[in-house]
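> Before I ask anything, here is the structure I am working with.
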Amino acid sequence: MENENCKQTGAPVDENKVRVKVLLFARARELVGGSEVDLDVKEGATTADCVAELTNRFGALEVMRDSIVVALNFDYVTEPVKVKDGDELAIIPPISVNKSQTLGSREKCIGSKLKL
Amino acid sequence: MEGQTVEKMKAEADVLEIVDTKIDMAKYVDAVRDPGAGAISTFIGTTRNTFQNKEVVELQYEAYKPMAILELKKICASARSRWSLVGIAIAHRLGTVPTSEESVFIAVSSVHRKESLDACQFLIDELKARVPIWKKEVYSNGEVWKENVEFVQRTQVCKEEFYQIYDAESKLRNWQFSI
């Protein structure tokens, strides 16, 4: 097969890569500064690889990386799944647990300094 | 077979909407009204004006709409598998919701009241656990994204490390925890 660059809009340039549309919401959207990102990853990459790549590109996401919930094509992902070209990956921000119910005296209730 | 078709038809008639304007509650009550139903149970989620002695100026809601609708359908299917129900209608409002206004409305009808009462509670609990809708509380001196206890319990992804406080470029980032 010829290794030609595909110049069509929206298609990955490298045929060994797949393009995933990443949607970001709430705090994740604010940290990245945008609600939609096109991510090119290697064929065979998983949802976990996508999150890693996203965090590489947007260091601000690191703060929520361990607690990101991910949905692939509208289904929650609980373990890494291989992504395909054209998949839609949603970064669903972590949830603030009611710490009074879990960590007792260790809980901290401090106002957020988030800015738009 | 015929029973399954009737159930499928009822499910397909469920009204599940994500709206940008004030919720028309009467519309959703009417959507589940049925000559065969002896009861309609409703839940209204309204926006509170205080959190930890801070005044909440407004609440803002954001959703992953297509997935939210799909999750609502799954929740309704789950409710129907548990109880015999006639109609279900759920509406969630997005954008800015002033305090005391309705952000979420659920109406469920059934032949006898027990089923609709139980299903109504189930539906709001499941909605909080699964549906990708986020709420931001805006105070006079800041704002924070609030989310649901039930969500993290259900997805079991959140890790304790998320709650660490750290310094970044001379700023202290803190998390607000919901009660």
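Glycine is no exception: its Cβ is also placed from the backbone N, Cα and C atoms.
The shown structure was predicted, so the numbers you read here are calculated from the model rather than taken from an experiment.
Copied straight from TrEMBL:
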type: BINDING; residues: B:His112, B:Arg113, B:Lys128, B:Lys135, B:Lys136, B:Glu137; note: substrate binding site
> Among all the protein chains here, how many other CB atoms are within 10 A of the CB of B:Arg113 (substrate binding site)?
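Excluding its own Cβ, B:Arg113 (substrate binding site) sees 14 Cβ atoms within 10 Å.
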> Considering only CB atoms and a limit under 8 Å, which binding-site residues from B:His112, B:Arg113, B:Lys128, B:Lys135, B:Lys136 lie near chain A?
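The answer, in sequence order, is B:Lys136.
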> Based on the record's binding annotation for substrate (B:His112, B:Arg113, B:Lys128, B:Lys135, B:Lys136, B:Glu137), what whole-number value in Å is the widest Cα to Cα distance?
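The span, Cα to Cα at its widest, is 38 Å.
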> Quick one: among the binding-site residues B:Lys128, B:Lys136, which has the most Cβ atoms sitting within 10 Å of its own Cβ?
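Answer returned by the neighbour count: B:Lys136.
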> What's the most sparsely packed of the binding-site residues B:His112, B:Lys135, counting other C-beta atoms within 10 A?
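With the binding-site residues B:His112, B:Lys135, fewest surrounding Cβ atoms within 10 Å: B:His112.
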> Only counting partners 6 or more residues apart, tell me which same-chain residues put their Cβ under 8 Å from the Cβ of B:Glu137 (substrate binding site).
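B:Phe51, B:Val56, B:Leu59, B:Glu143, B:Val144, B:Lys146 - these are the non-local Cβ neighbours of B:Glu137 (substrate binding site), listed in sequence order.
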